[in-house]
Amino acid sequence: MSIDTKDSYNINGLKEQNGDVDVNVDEDTEDRGQWGSKWEFILSCIGLSVGLGNVWRFPYLAYENGGAAFLIAYLVLQFLIGKPMYFMELVMGQYSGLGPTGVWRMNPSAKGIGISMALISLVVAIYYNVIMAYTLIYFFSSMQKTLPWTVCEDAWLPLGCVEQSTQKLDYCSMNITQLLSDNMPCRCYLNETDTLLSSQGFNCSNVTYQGDTPVPVAQLYFDKTVINKADDFYPDTGNPQWKLALCLLLSWIVVVLCLVRGIKSSGKVVYFTATFPYVILLILLIRGATLDGAIDGVKYFLIPEWSKLADLKVWVAAAGQMFFSLSVSFGGIIMFGSYNKFSNNVYGDALLIAVMDLVTSIIAGFVIFTTFGGLAKKTGLQVSEVARGGYGLAFVAYPEALSNLPLPQLWSVLFFFMLFTLGLDSEFALLETVLTCIQDEFPKLRKYKSHMCIGLGVICFFMALPCVTPTGDYIVGLMDSYGADFSVLCVATCECVAVLWVYGVTRFIHDIEFMLGKTPRPTTYWLFCWVLASPLLIGGLFCYRLIEYVPPKVKDGVFFPEFAQIIGWIVTAIVLCPIPLYFVYKFIITPGKVTDRLKTLTTPSADWGPNTKTKLINADSQLTDIGKAAYAYDNPASRL
């Protein structure tokens, strides 16, 4: 039906008076603010999605799960889950102008999802900065004349310390016939047995390490010097490592200073922090490509094992990497979108950011494996013997590879500073998500934005101190496994259902029409992904992870002790309990019969609507009757 714009009406908190559309704003409340430019938004989103995992997790997963076969699985899942979920969350934030908690005016029963997002972001922010402190330790250590992870200390020699990766050799068999037929190197006994073998025509190999297994000095430097890792996960954590604690403090100071004015300050910082890593990646890529043996590393990274595509574990690994790389359901995407201008072309932004995430991961893979190829060639080992994933790649294998290059201090400084800047962008988003949620719930606190940022930074620093004790590495693993891994998958499943099935994909499409002036194309693709593919695949992934649950390990074959697993499940319960508890709370306080309560709980609240103050002068507005109230209508303002 047509409406005369000179008439007054109120639609879900939106007022029009004499042709002017505005929103209800408390004069005593400070405005939320917006991005200074479109580039600030795009670079912030790229910084959130492109993090440490793109460098140390993606390349190794690709190598371990079939090379190009893994990339194909990754692309398929990004097409079915990653891009649709990313676009959905950007739309939610931009359309409403609200963060992860406020946006659930669209479906009041699901506000607990937003609270869980904020709690997960807080947990990740605490331990993520600990990993950034590791990079600072290495950054400052790289400025020494002799890199400390290249020289074995005397105390490390009995542990099998070697200053360069060495193949493990078993002691020679006493069966001389087998030794001569196998013609494989084996380890000397350093006694008369070696003379006996030599007299029969076989020469054993002397090794440069003590004990049964060679341990790279870079591994011992990380375990013994950087984190002083305990042998087991003990209840008594011990005292914080003072060097690591100081680096943690420095990292939090940098984060708080960059966020002290919210997106107004962080939006300027990302011009450097989101672009500098690409400069370093390209420099390292060019340097790695010139190494002898680089092509061998690339082969390990890319040569496909097509049979792996039939392995469900490969698809689970690809889904997990895609999911956490894009940072879907952490709340940061909704938060960033909420600071956009209402008519911003978020459709193109979502596609660009998803592509940049994939391209960065592939570039990082070439950077890592060209260098590993060079190291393998120099040491006479296979690429598989020098390659590692996770911490082992960033703080053991790659530093060792860099130490074999000319001017190793220069390359090490660049690499670890790049890692720090990669983590910085993600940390900005995590902390700002928590602050935005608080400020959206209590708008009058926005005038104290700087005080809140400093206060939250101080609290997080002290909460992170247990992570820099001798058992800190295990605590970080516990927080990651229980506070983020399972939890985010559960939140994502609930989010898909709450938005696309309860709020309704039809309503959601109309919101996009109103905001952008057109529906996203091809509509069939978006409907298929939003209604079927994303909810079912994410839910299936969550169920699979629960069924195939394996506790985190202290080391190979040794799981976390029972008390640690109990603490982990408590952390999971804390971050997830807002979802059912808030639903139950709203159900109890809502009057009426059970069916009436459910209908009320799942109906958009009266103050749900578009975040626009655009003037609709002399424009006909077409209301769309969807659900209980008419709240979506054509957007002629988008063409003004």
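The backbone N, Cα and C atoms fix where each Cβ goes, glycine too.
Per TrEMBL, Na(+) binding site is recorded for Gly47, Val50, Asn54, Ser325, Leu422, Asp425, Ser426. Positions annotated as transmembrane segment by TrEMBL: 68-92, 113-140, 242-260, 269-289, 314-339, 351-376, 410-431, 452-472, 484-504, 525-547, 567-589. According to TrEMBL, the feature disulfide bond maps to Cys152-Cys161.
Only pairs six or more apart in sequence are counted, and the transmembrane segment (242-260) with the transmembrane segment (351-376) gives fewer than three Cβ pairs under 8 Å, not enough to call it a contact. Separating the Cα atoms of Ser325 (Na(+) binding site) and Cys161 (disulfide bond) is a whole-number distance of 35 Å.
Contact between the transmembrane segment (484-504) and the transmembrane segment (452-472) is absent: fewer than three CB pairs lie under 8 Å, with pairs separated by 6 or more positions in sequence. In sequence order, Cys161, Val162, Glu163, Val217, Leu220 constitute the residues six or more apart from Cys152 (disulfide bond) in its chain with CB-CB distances below 8 Å. Proximity of distant same-chain residues to the transmembrane segment (113-140), defined by a Cβ-Cβ separation under 8 Å and at least 6 residues beyond the stretch ends, is recorded for 52, 99-104, 226-227, 243-244, 247-248, 250-252, 255, 329-332, 334, 394-395, 399, 412-413, 416-417, 419-420, 423-424, 426-427, 429-431, 433-434, 437-438, 460, 463-464, 467-468, 472, 475-476, 479-480, 483-484, 487-488, 491, 494-495, 498, 571, 574-576, 578-579, 582. Taking the mean position of the Cβ atoms of Gly47, Val50, Asn54, Ser325, Leu422, Asp425, Ser426 as the Na(+) site, the remaining same-chain residues with a Cβ inside 8 Å of that point are Ile46, Leu48, Ser49, Gly51, Leu52, Gly53, Pro277, Thr360, Gly423. Taking the Cβ of Leu422 (Na(+) binding site) as reference, residues of its chain lying under 8 Å away and at least six apart in sequence are, in sequence order, Gly47, Val50, Gly51, Leu52, Asn54, Val55, Pro277. At the 8 Å Cβ threshold, with sequence separation of at least 6, the transmembrane segment (68-92) comes into contact with the transmembrane segment (525-547) through 3 or more pairs. The stretch from 269-289, 314-339, 351-376, 410-431 with the most CB pairs below 8 A to the transmembrane segment (525-547) is 314-339. By neighbour count, meaning other C-beta atoms within 10 Å, the densest spot among the recorded positions Val50, Cys161 is Val50. Long-range Cβ neighbours of Asp425 (Na(+) binding site) (same chain, at least 6 residues apart, Cβ-Cβ under 8 Å): Ser44, Ile46, Gly47, Leu48, Val50, Gly51, Val270, Thr273, Ala274.
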